[in-house]
Amino acid sequence: MAPKTQKEVPAPPKAEAKAKALKVKRAVLKGYHSYKKIKKTHTSSTFQRSKTLWLQKQPKYPQKSAPRRKKLDHYAIIKFPLTTGSAMKKIEDNNTLVFIVDIKANRLDLDTRSNRL
C-alpha cells in the first residue's frame, strides 16, 4: 500500500495578508530609489503623443440671458408684393405674383416661407 500524500492546505487569508504587509514594509524600508530602473524599449521610430480627453463644458449659468432672435423669420424674408406696371402685367398674363424679398434669403427659405404665409 502506497503512503498517503498529505494534501496542501492553502494558507488562511489572515496569514496571506500578513505576509503581503511584511513584503510591503520591507519595500518601504528599503526605499524606492534602491531598485534599478528598467529603461523602456521603444519599438517605433515615431513618437505618439497621448490624446487628451476633452470634456464638454458644464456651465453653472448660461452666458447669454436670452437666446438670439432669428433675424430671417417668415415675415422678414418676404417683404411686400411689387406693384409696378411690369409686375401687374405678369399678374394678368401669367397669373404670377411678384414679391420683394430679403437679399439674404435663399430659394429654400422662400419656398418654405411662402407656403407658411
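In case you wondered, yes, glycine gets a Cβ from its N, Cα and C as well.
As annotated by TrEMBL, compositional bias 'Polar residues' applies to 43-55. For the compositional bias 'Polar residues' (43-55), same-chain residues at least 6 beyond its ends with a Cβ under 8 Å from one of its own Cβ atoms do not exist.
Residues or ranges marked as domain 'Large ribosomal subunit protein uL23 N-terminal' by TrEMBL: 17-68. For the domain 'Large ribosomal subunit protein uL23 N-terminal' (17-68), the number of residues in each DSSP class (helix H, G, I; strand E, B; coil) is 14 helix, 0 strand, 38 coil.
Per TrEMBL, region 'Disordered' is recorded for 40-68.
Mean model confidence for the domain 'Large ribosomal subunit protein uL23 N-terminal' (17-68) is a pLDDT of 86.
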